[in-house]
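Here is what Swiss-Prot records for this protein:
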type    : residues                       : note
BINDING : CYS60, CYS62, CYS75, CYS78     : Zn(2+) 1 binding site
BINDING : ASP450, ASP452, ASP454         : Mg(2+) binding site
BINDING : CYS819, CYS893, CYS900, CYS903 : Zn(2+) 2 binding site
Amino acid sequence: MVDVNRFKSMQITLASPSKVRSWSYGEVKKPETINYRTLKPEREGLFDEVIFGPTKDWECACGKYKRIRYKGIVCDRCGVEVTRAKVRRERMGHIELKAPVSHIWYFKGIPSRMGLTLDMSPRALEEVIYFAAYVVIDPKDTPLEPKSLLTEREYREKIQEYGHGSFIAKMGAEAIQDLLKRVDLVTEIAELKEELKTATGQKRIKAVRRLDVLDAFHKSGNKPEWMILNILPVIPPDLRPMVQLDGGRFAASDLNDLYRRVINRNNRLARLLELNAPGIIVQNEKRMLQEAVDALIDNGRRGRPITGPGSRPLKSLSHMLKGKQGRFRQNLLGKRVDFSGRSVIAVGPTLKMYQCGVPREMAIELFKPFVIREIVAREFAGNVKAAKRMVERGDERIWDILEEVIKEHPVLLNRAPTLHRLGIQAFEPVLIDGKALRLHPLVCEAYNADFDGDQMAIHVPLSEEAQAEARLLMLAAEHILNPKDGKPVVTPSQDMVLGNYYLTMEDAGREGEGMVFKDKDEAVMAYRNGYVHLHSRVGIAVDSMPSKLWKDSQRHKIMVTTVGKILFNDIMPEDLPYLQEPNNANLTEGTPDKYFLKPGQNIQEVIDSLPINVPFKKKNLGNIIAETFKRFRTTETSAFLDRLKDLGYYHSTLAGLTVGIADIPVIDNKAEIIEAAHHRVEEINKAFRRGLMTDDDRYVAVTTTWREAKEALEKRLIETQDPKNPIVMMMDSGARGNISNFSQLAGMRGLMAAPNGRIMELPILSNFREGLSVLEMFFSTHGARKGMTDTALKTADSGYLTRRLVDVAQDVIIREDDCGTDRGLLIRAITDGKEVTETLEERLQGRYTRKSVKHPETGEVLIGADQLITEDMARKIVDAGVEEVTIRSVFTCATRHGVCRHCYGINLATGDAVEVGEAVGTIAAQSIGEPGTQLTMRTFHTGGVASNTDITQGLPRIQEIFEARNPKGEAVITEVKGTVIEIEEDASTRTKKVYVQGKTGMGEYVVPFTARMKVEVGDEVNRGAALTEGSIQPKHLLEVRDTLSVETYLLAEVQKVYRSQGVEIGDKHVEVMVRQMLRKVRVMDPGDTDLLPGTLMDIADFTDANKEIVISGGIPATSRPVLMGITKASLETNSFLSAASFQETTRVLTDAAIRGKKDHLLGLKENVIIGKIIPAGTGMVRYRNIEPQAINEVEVIEEAEATEEPAIIKE
């Protein structure tokens, strides 16, 4: 066997008959499988041991030779080689076909490769191959055309006319094989190249296609006649197994049936040929053989599929590879693993951030080999078998050993669906009683887990390296930031938020107000003994607090705070300021001076003069976490998060907040507000009946009236709410619920959407406290049901989008430090109309500059060229009034097969510069796909019938962008740079004409009458600018402008969709995806290169080909950039393994085989498929050959011969 981690590339070609014979260990002559009495394989049958190897290890068929000592001997009685039974997975056989047979992939695929090679139509080929017509192979002196078809009758007539042997015509695959042998590739290619110089239209397209196929044959060294099979390989028997079921019946792979049919027909054909049977009978048998081989290779591709029992189509070789259940996706890309388990999850509020609770009975099973090794080492048992029995009996001593074994041995927890890399994280196991896995509450957000019955899977990394990687790269405590936007993903929620909110509340006039304490302990003691309330404002000596970054003017003073805030600040990292107010100024600049007593001031007066601060809400906690991370990185942050969690749980328990129906307030003036609205609606309807407004206007006015009524109720609700009301506290703190939920409980439910998406005029006037009437209930259930179905559909769509995104970008890896490009991307804030969707500051953070940035007024250099822009630097640049900056970007990176560190910038998940080997393509795909489920599914209708453009938004728009489809509601763009000189309306054709005057000429654009104009007369427009509202078609923009403009446009469009839904995604992720869509060019004129016109190729390969020609003084080729959708881009990737495992498996493999494609295994997917370590992170080639050195030699435990189990060797 080849060492799987050492080889460089993998090639696929057509197999020549001699190649197939060299693979084979013998010919399969009989259709038999196994003997029904002995259940042993039949001789010369499909499971023959002589051909494929023994069924039992080191044992021949007749039993003469048993045991390993006869290794390699061929038995003289039965002819079976004594070897491992595993060879039955790799030894192939063959069938000598008595008539040539065409390979259906090459004849039936689109485009038909056989047809293009011979310049015949697939229809004509089919007639010949399936014996419906003769084809003229050599007309000799007759006036017949070569390759022309003759029916049976015409053939007989021509024979009579010209005499026997005057010309050669045949039928069947044999005829095609003769024709293919006669193809002279070199002359044909030369002729086609000549023809291309003059050909146009359909002729040119066909010539380019033929040239492509012929050139592929010529360059790869494949011979066209190998598309016809004379010998059929038989795959190893263990890959088409036959197993005995409980009832004595057998279950066999469908392939055996298909092979049996081929063998039966082949043998019958051989017999007919021996008997010199009449031509028509032989012909019919040959046709049946052809159909049998077709069914074996791809059942159902031509005609009706061959069916098994219960009219189920049999699974052929092609079906074994295709689709989700095929070899690629089922077994190569998704394997099941041992040392894994799954269970329901429960909350583990006492765990540390890096821990998870594992039930004892799960742990003992998962860590069994480690425990057994330790039992033997401590001599509790003499050998492995005895140790195993100890574990199975549940001996008391194993639990102590288990405790030691799991110490510092991380496990991986995974929750499906794994939408991004935070769906699998590593934890240190803690043994617990019970049967549920315990999960730390703060990692729930990353997993999107809750405890309503979710299940999670647990995996054990076995090798030292795997454990080290789990600990260093995947430990949950390290994953504070979300890779998609660099914001903390572990913000506390629910009870934790509520507890800290309650803790930091302030209240006037509570017991103990105005007391002064010497230090924290005294204050807490007073609180515990009931002398002072948690929310009372008291004084404390500043000097008793540890270094909290006090200003010099604040030292040695008394500070006004509350006992709750003293406790809250006690868990903060020491170097954060004392947090008194929930705002960024206090967090970054220090505690405000107004809370400190000047000498001689009365504390009560100071307290009375201070306003009551609002408590710390979820958002404020998020800011504190982000600031902590910025200053202290992961270790301190995760410790702080644990303290925050414990404090929150403790105080939300102490607060004892409960919710009852009495907590829902009654709005005093609800009846008046609703009465007024009814009155207004009546007036609107009156006006409509009198013909003063259209039905559309009336509808809009009525719905607006009810909307305003609901808002008035909401406003009144907010005005009258009691800040100590538990529901209000939950809502205000961000623990659960929002104002809209609250107003449905206490105000009114408001307007509902009807099944057709239109908003109904009848609002639901009741709220949930009053209760809904039956009709109101009916109206509201519709919305709830629609929500459920939408979510279900959206999840599937979003998952498929993620799969396509991962596929197109999986080979984008950080390959080098700096690509040295001189290009950059000019960026400014992304705007949508007047609104800013993404500010310049956000776009600059974590990127490298391309040129130095100067202050627009003073000219001072703010930051040099090729420098990393930090968060503070970005703010400084924007504050200076800079509006656009040229940065290094993935779009302009010159690295082949990936990106360089400088063009990418920082890794958002760590906040540091990205490392070489980071798989940024996969991260980008996950970052864009994961929030997909949060996007809406709908197409918005603009109110009224005023416009006919529906703006696609949400998930459908994202798919439209990434698949480069023509958008709905397409905008008209100008191809001329100049001034809009006139917009004329033509009522007869219901269109408008826009005239743009440029330097070189005038552009005239016809626009639909109903389209909303974006430009006015006198506006200056650039090439590619939109004249009307709507989405620009990117392919059209590419024709008018350059690649960079298209890339910038697509980036802005993606950001608009996500940001409008409140989802933030780093620009660089979108850049990675968009760059993959534009990495190919189409060759227009080959010049002096040997490129073919019309071929798609990588920009880098195209540039290389041109460089060579220019150096030798030739004419370089010209090309045009091509924008491909992500599905097309995945299928056009240089790796045939990756493309074949994605979609259209047979088409990809057919094409790759003819071209003799080489896969250089640069991406992640192709390496996973062949079981090689992936070329990212520690798997990069540069780290591949490092051998771990053992520091202390470990004794190897030998094992008694008597046991049947292999010894477990200590790592």
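For all residues, glycine too, the Cβ spot is worked out from N, Cα and C.
As the structure is a computational prediction, the values presented were derived from the model and not from experiment.
Where Swiss-Prot records a feature, it is marked here on the structure.
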{"residue": "CYS60", "record": "Zn(2+) 1 binding site", "CB count, 10 Å": "24"}
{"residue": "CYS62", "record": "Zn(2+) 1 binding site", "CB count, 10 Å": "14"}
{"residue": "CYS75", "record": "Zn(2+) 1 binding site", "CB count, 10 Å": "20"}
{"residue": "CYS78", "record": "Zn(2+) 1 binding site", "CB count, 10 Å": "16"}
{"residue": "ASP450", "record": "Mg(2+) binding site", "CB count, 10 Å": "10"}
{"residue": "ASP454", "record": "Mg(2+) binding site", "CB count, 10 Å": "17"}
{"residue": "CYS819", "record": "Zn(2+) 2 binding site", "CB count, 10 Å": "18"}
{"residue": "CYS893", "record": "Zn(2+) 2 binding site", "CB count, 10 Å": "25"}
{"residue": "CYS900", "record": "Zn(2+) 2 binding site", "CB count, 10 Å": "22"}
{"residue": "CYS903", "record": "Zn(2+) 2 binding site", "CB count, 10 Å": "29"}
Could you tally the C-beta atoms, other than its own, that fall within 10 angstroms of the C-beta of ASP452 (Mg(2+) binding site)?
6
For the C-alpha pair, I'd like the distance in angstrom between CYS819 (Zn(2+) 2 binding site) and ASP450 (Mg(2+) binding site), rounded off.
45
Rounded to a whole angstrom, what is the C-alpha distance between CYS900 (Zn(2+) 2 binding site) and CYS78 (Zn(2+) 1 binding site)?
62
At the level of the C-alpha atoms, what whole-angstrom distance separates ASP450 (Mg(2+) binding site) and CYS903 (Zn(2+) 2 binding site)?
39
May I ask you to report the DSSP-based helix, strand or coil state of CYS900 (Zn(2+) 2 binding site)?
strand
May I ask which of the binding-site residues CYS60, CYS78, CYS903 is closest to ASP452 (Mg(2+) binding site) if we compare their C-alpha atoms?
CYS903
Consider the binding-site residues ASP454, CYS893, CYS903 and say which one has the Cα lying nearest the Cα of CYS62 (Zn(2+) 1 binding site).
ASP454
Find the shortest Cα-Cα separation between CYS903 (Zn(2+) 2 binding site) and the binding-site residues CYS60, CYS75, CYS78, ASP454, and name the residue that gives it.
ASP454
Give the distance between the Cα atoms of CYS78 (Zn(2+) 1 binding site) and ASP454 (Mg(2+) binding site), rounded to the nearest whole Å.
58
Between CYS75 (Zn(2+) 1 binding site) and ASP454 (Mg(2+) binding site), what is the CA-CA distance rounded to a whole number of Å?
58
For Mg(2+), what surrounds ASP450, ASP452, ASP454 with a Cβ no more than 8 Å from their Cβ centroid?
ILE345, ALA449, PHE451, GLY453
What is the set of residues, excluding CYS60, CYS62, CYS75, CYS78, whose C-beta falls within 8 angstroms of the centroid of the C-beta atoms at the Zn(2+) 1 site?
ALA61, GLY63, LYS64, TYR65, ASP76, ARG77, GLY79, VAL80
What Cα-Cα separation, expressed in whole Å, is found between CYS60 (Zn(2+) 1 binding site) and ASP454 (Mg(2+) binding site)?
52
I need the neighbours of the Zn(2+) 2 site defined by CYS819, CYS893, CYS900, CYS903. Which other residues of that chain put their C-beta within 8 angstroms of the C-beta centroid, in sequence order?
GLU816, ASP818, THR821, ARG888, VAL890, THR892, ALA894, THR895, VAL899, ARG901, HIS902, TYR904
